[in-house]
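Asks: Mind having a look at this structure? Questions to follow.
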Amino acid sequence: MPATPPMPGYDAVAVPVLDSTLGNTDIMTRISLTFPTQLSLALLQDSWYELVRAWPILAARVRHTPSTPSGLSFLIPQPDKVKELEQRSRTSHKDQEKHIVIVDASSRSIASFHPITAKAIQSSLSRDTVSVGAAPDNADSLKMTCSNATTSLKQLLRADQAYITAHATVWSDATTIALAFSHIAGDAFSVKAIFEAWRQTIESAAPAPLQGVGVDPFITYLPPHGKNSKSEDTDKQGERDVGLPLGFFQYGFIDKVRLAWNLISDIKIKRPEKKFGQYYMYMPEEKVQALMAQARADVDALVSASDDSEKQALDTRISTFNVLLAWLLQNIHAANPKRKRMSTVMTIVNAKTRPPARHDPSDYPPHQLWGGALGVPLEPLASGDYASLPLGQLALHIRTSLTAQIDPANMQANIVTLLRHTRWAKPSGKLIFFARPNHYLSGCTEWRSTRFGELDFGAAASPPSSVKPVAIGTDMEIAVSKRNRWVIFGDMGGGVWFSGFMTDHEATHRDGFGRYQHVQ
């Protein structure tokens with residue numbers, strides 16, 4: 001791909017190297033929040049433009065620049081260009097030329113768009129069990145949450161459109177706001193920071209300009225010459241190459257063939273793509289507490305059955321996340337036909353909160369618009385064990401696996417491996433994979449720690465009041481299948497939201513999600 005010629009009115013800043021790895025460049029994402037009342041479209045629109053004037057990187061274009069380590073640059077508009085883009089956005093009749101699209105759908109109830117969200121708006125979801133509902137119609141969802149967004153990196157690199165766009169839709173009984181973005185924008189903490197800045201702008205004034213734009217938090221981990229790309233060798237009082245992180249394998253030819261066959265047979269024969277849909281689950285707080293009590297009882301029983309030496313070595317701490325993920329994995333695996341087949345689950349850890357070895361705190365920029373999320377595998381289990389082990393025992397398995405993964409040396413190995421093999425500008429061509437080729441595969445992102453449910457946009461209500469979201473939505477554009485991908489959104493509207501992609505058979509399996517209340 002040829003380099004992009006200079007664009008007048010923009011300042012080029014390199015995309016950070018970790019954000020330019022293929023797991024980020026290949027994904028275009030959107031996140032929506034739904035509030036249980038009408039908010040002012042005018043206030044939402046004007047405050048968005050005010051925020052962009054304070055943080056012009058939100059209006060950045062992305063272009064190919066071979067001179068940067070990542071191969072990509074943000075082209076950040078200068079003040080006069082920001083004004084020009086705002087004027088175009090406000091007056092254009094083309095959604096692709098608008099930085100924020102506002103939709104007055106006040107003639108429609110949100111129930112016509114997403115029934116399970118409508119139940120949340122009405123506070124009528126069950127307090128006794130989990131509720132399950134299908135995602136909105138895809139065409140309607142695009143129209144109502146991201147009609148101005150680019151849908152691929154290829155399009156983004158050519159389009160005169162920002163890599164982050166906003167959307168606001170008012171229904172007769174609710175308001176949905178959304179951000180659509182290339183995943184090079186960062187992680188869930190990055191998106192939360194933008195929503196929070198938008199909220200702050202409505203309530204009082206735009207935040208101060210971002211400091212440290214252009215600082216690359218992981219450039220020192222870039223092989224082969226980055227000062228942190230090697231690990232300390234205490235035996236030889238020197239340095240050595242960083243190996244693969246826990247649970248990752250470098251595939252040879254035979255493994256590649258086996259993996260390709262397993263994926264193709266699943267996609268083309270066993271579970272064709274047309275059978276998949278996106279589903280949402282809402283777990284009320286009462287159910288969360290019941291699961292926590294059940295898991296603690298399971299752990300107590302495990303301790304009681306252990307001998308004295310095992311008891312001393314057994315760390316029985318489990319978190320709410322451990323239990324929620326254990327519950328989700330039990331239900332996901334219930335429909336798997338081969339119970340003895342091993343299963344590997346990838347989940348997320350974050351270098352923002354779990355820094356890698358050799359990390360210097362001054363390397364991290366003071367703003368949040370960069371990513372630190374890393375995908376790591378849990379220790380494999382047989383599919384039948386995931387489906388049938390006691391909840392607390394499975395939660396312990398998750399916690400133990402993640403404890404090993406967040407070791408600083410392993411975090412360093414994750415970052416160095418990603419930069420060595422999957423950088424968009426220079427992939428190695430080697431296949432580094434998180435599971436054996438014959439395993440069941442699934443992945444789950446965790447967003448609970450970002451606390452999206454605390455965002456209060458009540459300053460845009462009439463009269464102003466406290467208005468927090470009661471439902472959250474997401475989707476993504478990706479070149480490969482979305483199957484087996486899940487997210488634990490976190491607490492909102494008096495419960496915890498989940499979403500993922502599965503077949504109708506899996507969504508209604510009698511030993512899995514079929515046990516719960518399905519919302520039509």
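Every residue, even glycine, has its Cβ placed from backbone N, Cα and C.
The model shown is predicted, which means the values in this text are computed figures rather than measured ones.
So Swiss-Prot says this about it:
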ACT_SITE  His183  active site, proton acceptor
ACT_SITE  Asp456  active site, proton acceptor
Asks: Return the single residue from the active-site residues list (His183, Asp456) that has the minimum number of other CB atoms within 10 Å.
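Replies: With the active-site residues His183, Asp456, fewest surrounding Cβ atoms within 10 Å: Asp456.
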Asks: List the Cα distance (Å, whole number) between Asp456 (active site, proton acceptor) and His183 (active site, proton acceptor).
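Replies: Approximately 25 Å lies between the Cα of Asp456 (active site, proton acceptor) and that of His183 (active site, proton acceptor).
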Asks: Please classify the secondary structure at His183 (active site, proton acceptor) using three-state DSSP.
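Replies: The residue in question, His183 (active site, proton acceptor), is helix (DSSP, three-state).
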